[in-house]
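Visitor: Below is the structure I would like to discuss, written out as structure tokens.
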């Protein structure tokens, strides 16, 4: 038997991994600072849900790696409703810079990090009240959008360009809200989450485009109150309405997805990432549409509505103001949620934004169906003689205006 003696005088490379069982009780969620957790604005509470693992290569533990390293953590507590966050110990606080969630389920998670340090898993708990408001509001909105779509399809008394616009808006919002309700949190599979984010991007842009067309139609209808002018304008609009309403959002989403597909889907939601400017492919068009719609509505209220008969004056005023509030004021609140705003102002804006926008379907059903005299007359032809004569007097002068407002 031969023995080989070997004396090592230089270590070229070494890797060390240490797992701590109890240190997590010391450096726990109390050392979480939201400013050090990138893109983490919604969750409000955290707790540690794994062992702390330290890794080092060579003589330094915090050096950058050319190839990301993957860690698989087992959850201490099985959690289905909380979202995991891969973090590392950054001197005095937990931070997630350079670490991403590659995959996770209810019992384990795979983290990918571009450097070595001490790692752990934080579980983020969202605001339960805000979640309940969102689910209840969207469920009620879906019901109202469904009833409104049925009304627009079945009520013959209101068939026309305006009803067609309302129907397209209802369809876009219905599918978007349904996808949001069941798909916004499906972040386990990256490809599925990206597809959901792209679908939401397109559907909400399409909804805004149809809202813009509604405002434009309202403006043109009142401006071209003469029968001849209105008829020619109506034919022109119908020819280009669908390509504009569905084509423009498709082009925007296609360009955005082709150039920044990796930014569709975040750690918490299947939506556009804020960094790298991808979110502006949604905010930009929405801002322009909102601004133009607000100016159009104000012009309509100040310049044209006073020339209409008193009955329609009140009806159009209510609808125009409601549309301005839903389209402009409510969505404008969402712009402030992009920037880092301190509490409690941010919470107030978030609650207001969620309540108003989750009830858009309720607004459409109430204003365009329940409170619409033409819908009531369509389903209940035996109205009072006074109300009938009032409408016939106006509709006799502008016959083609019927059903368009």
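Using N, Cα and C of the backbone, Cβ positions are placed for all residues, glycine too.
Fair warning: this is a prediction, and the values are worked out from it, not measured in the lab.
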Visitor: Quick check on the annotations: TrEMBL lists transmembrane segment for one of 202-220, 221-239, 259-277, 373-391. Which range is it?
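Guide: Checked against TrEMBL: transmembrane segment maps to 202-220.
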Visitor: State, in range form, which of 164-182, 278-301, 350-371 has the highest count of Cβ pairs under 8 Å to the transmembrane segment (202-220).
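Guide: Result: 278-301.
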Visitor: Does the transmembrane segment (132-155) reach the transmembrane segment (278-301), going by 3 or more CB pairs under 8 Å (6 or more apart in sequence)?
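Guide: When sequence-distant Cβ pairs are counted, the transmembrane segment (278-301) does not touch the transmembrane segment (132-155), since fewer than 3 lie under 8 Å.
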Visitor: Within the same chain, where does the transmembrane segment (164-182) have neighbours whose Cβ lies under 8 angstroms from its own Cβ atoms, ignoring anything closer than 6 residues to its ends? I mean 6 or more beyond.
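Guide: Sequence-remote neighbours of the transmembrane segment (164-182) are 135, 138-139, 141-142, 145-146, 148-149, 152-153, 196, 199-200, 203-204, 206-207, 210-211, 213-214, 217, 238, 241-242, 245, 358, 360-361, 364, 368.
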